[in-house]
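These come from Swiss-Prot:
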MOD_RES   Lys43  N6-acetyllysine
REGION    210-258  region 'Interaction with PEX19, PEX11G and FIS1 and peroxisome targeting'
TRANSMEM  232-254  transmembrane segment
Amino acid sequence: MDAWVRFSAQSQARERLCRAAQYACSLLGHALQKHGASPELQKQIRQLEGHLSLGRKLLRLGNSADALESAKRAVHLSDVVLRFCITVSHLNRALYFACDNVLWAGKSGLAPRVDQEKWAQRSFRYYLFSLIMNLSRDAYEIRLLMEQESSACSRRLKGSGGVSGGIEPGGPGGPGIPGGGLPQVALKLRLRVLLLARVLRGHPPLLLDVVRNACDLFIPLDKLGLWRCGPGIVGLCGLVSSILSILTLICPWLRLKP
């Protein structure tokens, strides 16, 4: 089992490096096309991107089983919302990897009759559902942390009789701001933004997870035709997300838990 864990970790690191290189090629290809580079060079970059994509699919063989194991562990979480979001996310990831394995079989020639377009659309749908669950989980954790921070700030204000740390009352769980009108609404919004910034600054793993999932969201949206972003945006978002994923491998404390 230890040997499998080490092998899986190595495969995961290689897959993320390949992913970063793939989206870097996508971004580079878009830049070359925009600046009128030679067709031969553009073709070579596209071929390299395709080879990296196929290599990633090979490295992801068996990831469905890992995702199912993660879903089984998430079922035992005590928080109902986290249990639902994380379990559904892992189940969709398992289905995404299963579709990806079928695609690999088709692209590698093992199953030449596979309808690659149909399976690609299926895989991106499952990928999109997984990301939606991840972002829902992030939003839930942010809300909980904002409520905790607001309550702590209110307690400090009652003890000191003044404004502490630049965050005034009025956040979730706070005493609120009397009155109405546009100035009060703008002030409440400003306080919420400051509170959000403080929460994210104090929880780097959550901040990285939000940015990574938000960047990844553009990929299935573009591939499914729900929001055409273009290869440049997809390449940039994929590259940023890949770098953040590699960072969580290098610094495990930056990985959001559970």
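Keep in mind that glycine also has a Cβ here, set from the backbone N, Cα and C atoms.
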Lys43 (N6-acetyllysine): tally of other CB atoms within 10 A of its CB: 11
For Lys43 (N6-acetyllysine): DSSP state (helix, strand, coil): helix
Local confidence of the prediction over the region 'Interaction with PEX19, PEX11G and FIS1 and peroxisome targeting' (210-258), expressed as mean pLDDT: 95
